Amino acid sequence: MEAPAPSLTEEDLTEVKKDALENLRVYLCEKIIAERHFDHLRAKKILSREDTEEISCRTSSRKRAGKLLDYLQENPKGLDTLVESIRREKTQNFLIQKITDEVLKLRNIKLEHLKGLKCSSCEPFAAGATNNLSRSNSDESNFSEKQRPSTVIYHPEGESSTAPFFSTESSLNLPVLEVGRLENSSFSSASLPRPGDPGAPPLPPDLRLEEGGSCGNSSEMFLPLRSRALSRQ
């Protein structure tokens, strides 16, 4: 679908007519007789009485025409009203063709300029939209990359494990591990041979002497009890 052709606003048309009068100033100053157009321009409120008196003060016809063009350039309808006045006079219709050609030429130049501005403004927009899309994709990928390592922590040894809020399984297994450790410790303590049992390692000499002394003393302590019991019998 093609974009609509650009159109000129009232402000653009006013500028085009003003430029046309400026471009044709030298030519119109030689051809126009200002006094012939006073009545029509005053009737259309383009000129006032003071304006016509100001124009008439000029010493030559060319200067009076130049001053008239100055007033016409200040009014958006000045050129159109001048063309109407020339058409009413019916003596300088060639001026109408000259003015019309100049206005059309400047109008086309203005349209081409606006068309070029519109095309140039569309291209950066499309490129900017592509850049924004790629930038958003890169931002999303960067965000996902940042989110990925946030759930992993590293131990000093370099081993990785899940973050605390993902360690429910390990916390649930803690009691089982503790029970296993207790069972293993009790089993190991029960299975070890006691001193003096078969398979137990020999005691050091110092401990042997102490054990022997304690046994001798204990037998001596029980001897009187046995003798008393035997004497009573």
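Including glycine, each Cβ sits where the backbone N, Cα and C put it.
Residues or ranges marked as compositional bias 'Polar residues' by Swiss-Prot: 130-141. Per Swiss-Prot, compositional bias 'Pro residues' is recorded for 195-205. If you look up Swiss-Prot, you'll see LYS17, LYS31, LYS63 marked as ubiquitin cross-link, on the strength of similarity to another entry. Sequence annotations record features per position, and here Swiss-Prot assigns domain 'CARD' to 13-101. The feature N-acetylmethionine is assigned by Swiss-Prot to MET1. Residues or ranges marked as phosphoserine in Swiss-Prot (evidence: similarity to another entry): SER138. What Swiss-Prot lists as region 'Disordered' is 130-149, 186-233.
Ranked by Cβ neighbours within 10 A across all protein chains shown, the recorded sites LYS17, LYS63 are led by LYS17. On the backbone, the CA of LYS31 (ubiquitin cross-link) and the CA of LYS17 (ubiquitin cross-link) stand 18 Å apart. Here the domain 'CARD' (13-101) is broken down by DSSP into helix, strand and coil counts: 71 helix, 0 strand, 18 coil. A Cα-Cα distance of 21 Å separates LYS63 (ubiquitin cross-link) from LYS17 (ubiquitin cross-link). Each residue in the domain 'CARD' (13-101) has a pLDDT score, and their mean in this model is 94.
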